[in-house]
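Visitor: Submitted below is the structure of interest, expressed as structure tokens.
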């Protein structure tokens, strides 16, 4: 069976239950006991909502834990010592939740930068990690930026490789890239808005790449902030057990510090930039709240950790060390996320997050990374983060720098040395590592060697994003990143006739960003670019102007439609062509039917009995099917969710060849497709709009005008969020309409949800337009 690409497949996540629930199944009536257990403070707790019974899709499986244990046994004391001081982490969140502001404080407190600059600061310097001019102007992160810094905790220096990622859905590939190579992440959630649409997307990406996370609730100094409501949403909407490790001292504009509920200590950030931390006793008016939240934390840990569950049953209060160890185990096993709180802009609570990164996020030796051994039929092999092992690294990001192409590499195994030769597994080419650097946003620091588990960059290596490199001693390949389909296209042409830089820019952008696609449409004689949204394409058009001095004219944004069928149909097609000499002959018989299911990939199958069509011709039929799926007969867009089965046919002893059967299959495909009640599918988007409460009527009216289906509305203290499903074709220009309806105070995010049939009148119009183009 040949599986042809339709909509990208998501990697399935591991499924397991919480630790205490597992203990319950072993201990007979233990679960009943826990249902009415006592809290450490003596209060009886009704346990109907016992979280251990919940299924955490991303939790570590027993098989994964066993493989990881085998890998750890292969590490030397020196390997474990080196790994214990290293953390590879990403900063992820919904747009405007304060990721870059948070990262700026991290760099300042770790001594990496000398002064703090704001994302939209008056000094016009911009945040360190927003190195592109466009990022500083728009106040958003477009590319993920890498840096490294050191943090001293308990008289030990820890080395952080840190990646700040975009929050805008149009740049989601940057988040995918970062999470693919990171061992842990800090998820930032707004204390006012709570879990938002892109928070859910980032959570899904973290699960896809098995990334444990700690959570920081930011913007605690804003009016309407409610960290405990945000924690409830993390539990309910993200379906992962979460509990606070802190409670705030004061609220909103009176926020003065936080209380560490594990150690029962109050911390106040002092100094001009919050760099001085004063330690004090817990304020009297917060003592009850601290005990309540501490009991809740232990209760949550009992759901996901066996050791705490045992203590919980015995009505013993765990020690500080036992609580911290349990948080670490549960976080690394992806069953739990510890929650801290503060305000990045107000310089409160950031240092505690740095401590939590050390305490609770895994080092490279505590994460299972696997490759595929191409010399053993792609057998899965665990990668060992030891410098004694053969080198294996993944090129996860490309950038065009002033010294040529800059390739970011995560070293999974072995070490990478300047001057060494490494092999690109995809192309088989050997390349020399002439320069090796550590990145600090757009600045770089030269190094001679990079060890296992580290992230670096190198120059002069010709490769694509997602390529695997080894030292040539092993033929391992890393599984590639998930790349979503493009949903928006527009035609583009340079204003001047000189198109050298025009082509050069496209080649570079496509190498850098797999979600940015360029093709030439032979019918309209136009160059068409496709991407994840209007902003995504707008940024690339602007970058062409700035970086390549090419001004462009663009057409109207076009929707990437799909074509599909609704009922099965049979086909029997004979392709004959004779014009003297060798002719062409191929006959194919079979059925075409719709494919059900979430992914709706196109499938090509054969069931030929008695060799009526030889295998080499069947392979040509497969190619014909793949080619036919690239351009449907209704409106010329890709085909989705079609299964073609060839179960009979005929050949001619002289005239049959691969081309004949490829042509016959394409013609049979077209005939059967048109008989199968075909439909044009359009992208349906998840829309999330946030705006001040006084504009609620305007926003709902605007969405109704677009025939959006409203799914949910949440009213906050001073703003509301409405979630809806809407056809992408109606969303062009929505940003302008929303600005006008909310006096510029509304914001929205769009994310692809699924494909659905267009209304009949729209399908008619699209088909008529396509037929008109064909005649020209």
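One is the number of the first residue shown, and numbering goes on along the chain from there.
The backbone N, Cα and C atoms fix where each Cβ goes, and this holds for glycine too.
Feature list, courtesy of Swiss-Prot:
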type    : residues                 : note
BINDING : 93-100, 164-168, 218-221 : GTP binding site
DOMAIN  : 84-365                   : domain 'tr-type G'
TRANSIT : 1-57                     : transit peptide
Visitor: Let me know the model's mean pLDDT on the domain 'tr-type G' (84-365).
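Guide: Over the domain 'tr-type G' (84-365), the predicted model scores a mean pLDDT of 84.
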Visitor: Per DSSP, to which secondary structure element type does residue 99 (GTP binding site) belong, with helix, strand and coil as the options?
Guide: helix
Visitor: Count the other Cβ atoms sitting within 10 Å of the Cβ of residue 96 (GTP binding site), across every protein chain shown.
Guide: 21
Visitor: When DSSP is mapped onto helix/strand/coil, what comes out for residue 93 (GTP binding site)?
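Guide: DSSP assigns residue 93 (GTP binding site) to strand.
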Visitor: Validating a neighbour-count step here. Other CB atoms within 10 A of the CB of residue 93 (GTP binding site): how many?
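Guide: Neighbour count, Cβ to Cβ under the 10 Å cut-off: 27.
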Visitor: Neighbour count, 10 Å Cβ-Cβ cut-off, for residue 220 (GTP binding site): what number do you get?
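Guide: There are 26 of them.
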